[in-house]
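> Taken from Swiss-Prot, the feature Mg(2+) binding site applies to ASP492, ASP498. The domain 'KH' annotation in Swiss-Prot covers 559-619 and is backed by sequence analysis. Positions annotated as domain 'S1 motif' by Swiss-Prot: 629-696.
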Amino acid sequence: MQFREWTKELFGRKMIVQHGKVAKQSAGSVWVQFGDSVVLATANISDRTIEGVDFVPLTVEYQEKFYAAGKIPGGFIKREGKPSESAILSARLIDRPIRPLFPKYLRNDVQLIVTVLSVDGNTPPDVTGIIAASLALNISKIPFEGIVAGVRLGYVDGKFVVFPTEEQLEKSRLDIVVAGSKDAITMVEGEAKEVTEEEMVNALMVAHDAIKQIIEFEEEILSQFDVQKMEIEEPKPNETLIGKFEEMISEEELRDKLLIKEKLERSAKLKEYRDQILEKIFEDVEMEDDEKILQESLLKEYFDERTKKLMRKIIIEEGIRADGRKVDEIRPITCEVGVLPRTHGSALFTRGETQSLGIVTLGAPMEEQIVDTIMEEGTKRFILHYNFPPFSVGEVKPLRGPGRREIGHGHLAERALKAVVPSEEEFPYVVRVVSEILESNGSSSMATVCSGSLALMDAGVPIRTHVAGVAMGLIIEDGQEVVLTDIQGLEDHWGDMDFKVAGTRNGITAFQMDCKVAGVGEELLKRALQQAKEARMKILDIMFNTIEKPRESLSPYAPLIVTIEIDPMKVGELIGPGGKVIKSIIKEYDVEISIDDTTGKVSIYGKDQKKVNEAIEYIKTITKDIEVGDVFEGKITRIEPYGIFVELMPGKIGLAHSSKLGEDSKNFKEKYKIGDTIKVIVVNIDENGRIQLGKTN
């Protein structure tokens, strides 16, 4: 295999692509360096066809290697284990733009592995992974129909920045990843700080121009390969059976069943109608069992295709959807707050047949989520988890940990709400939102945004305003384009685009798009985003009517957190030798304490207001400067011939000389014992900080 290398300057960084040096036994492999970030993409396909599946068996793995960032994995085991959430999200980011480009009938296992070998902190390896994946698949024998690329885009000081640095992203109002072909944008994922619809469209156009530049480089590379692609045999339905099917199917009957409003009833009636036709078709047909199974499967696909075409035709020609709505109409919405008596905040958001129960839990600063990835190190104080149990769609499946889809949906909703969450200075709590999807017929991630926003206000979290989300769809047929508002599952499955927009009344906070067709241009995006904005405003009105602003007080079951500031020089005194002082406070007052030794900020967390207040007063007492004239009720720790030593507070001991003990000066050794308490006054503090005490009444 010949070693080849290509280099191009792109967006202030050098991109180097190598082939034929490493992973030469893979069907396709490329080594891509962009800046100082390096990824290796390998693509392979199984020789065996998988029977009984009706989807492309593609697996995309994204491997984060800690050595890439010069780090050793944290924890007891110093080896990379199962993929982190960030790795799963990166795998999804690579998967989404490439999956639609595989042939529909590919039934061989395909595995794409993107391994991160080096990161520079400023060049995102996940986006580089999209470019590497496109190249690896195109130079392999794996059937793959297209060239894709991705970019990350920021918006700093009113200017769009392609592949922004970490420093620029901190100031940016926008952080989106956009992927696409030379002709169209096919995938968008990101968050924003209330950008307008116009700004978002402009961002997508800038991103697409950048994508075209990268694809030109990919085309230059791929022009030097003459690849023989593996042939996929497309199964052909029996023409005689298709003829019988056409004779038996009635468009009027199909329409009646398609336009049933309830999802489960519609699905059941369509299935019943399909099975009746299939049963009649195969009554007098003699064929091998394997062939019969195949033909049944193909006829089921044919039925689905007929139903899909009819759904799209009705939408285009009549402007009516399967559940009877107009194209720009949202489903009926109900909102409730305070539905769970003992949680810190809760809300039930129902939109048509999609329902999310949002729950908020408040925690202490020490309960922050630790983040340790190759790109990021620190903590998170706002967390959102999304759960999609099988009963939400009437299915039976084993309950295991969250899947990739759940992690992805939760991440999108978290990004949508993050824009309105108060700073730590305003609200010192760690905030966890959980969305339990109780039923689903599309757009459950956007229902999560709505239930989460309502639950945050119910919990008394001082969010600036409500955030709502809506999923939009698109039907393109014979040159006609119809944008659908608040799509349900059927429209998501059979439509041409699914894009989710979340935001406030002021602008967009999160955006996700997956497009199945080419040619979604600027004007169509503008129209779709404007329609989404109108829907969002209607949803926000309903949410504000339910709860207008955050509750003024927290739940009585929420923990109390009080933050005070002490002199950073006094932190050592508060902790004490070996943590003795702080441990005694925690035990005595049943509280948790976190200390920022740089700023001197002390957070006291507990469930009993009285004990929290007592702990605060005690901390203030032991960390304040002792001055002449201060009076203390101290404990005697030592008795010497010349006087007694009194502990005024932990670590602070003064001497009451016998001459300062008044009437007890002669018999103090008989009168006092170690452990007795005595009221004393500070009479002097010498230049060495030694405290001199006198007895006071």
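Placed from the backbone N, Cα and C atoms, the Cβ positions cover glycine too.
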> Relative to the Cβ of ASP492 (Mg(2+) binding site), which residues of the same chain, six or more apart in sequence, are found under 8 Å away?
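Counting only residues 6 or more apart in sequence, the Cβ neighbours of ASP492 (Mg(2+) binding site) under 8 Å are GLY442, SER443, ALA471, GLY473, ASP498.
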> Kindly assign ASP492 (Mg(2+) binding site) to one of the three DSSP-derived states: helix, strand or coil.
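In the DSSP reduction, ASP492 (Mg(2+) binding site) maps to helix.
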> Which whole-number mean pLDDT does the model give the domain 'S1 motif' (629-696)?
85
> Using DSSP, what is the helix/strand/coil residue split across the domain 'KH' (559-619)?
32 helix, 17 strand, 12 coil
> Over the span of the domain 'S1 motif' (629-696), count residues by DSSP class, listing helix, strand and coil in order.
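Reading the DSSP string over the domain 'S1 motif' (629-696) gives 10 helix, 37 strand, 21 coil.
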> State the three-class DSSP label for ASP498 (Mg(2+) binding site), counting H, G and I as helix, E and B as strand, and everything else as coil.
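Assignment for ASP498 (Mg(2+) binding site) reads strand.
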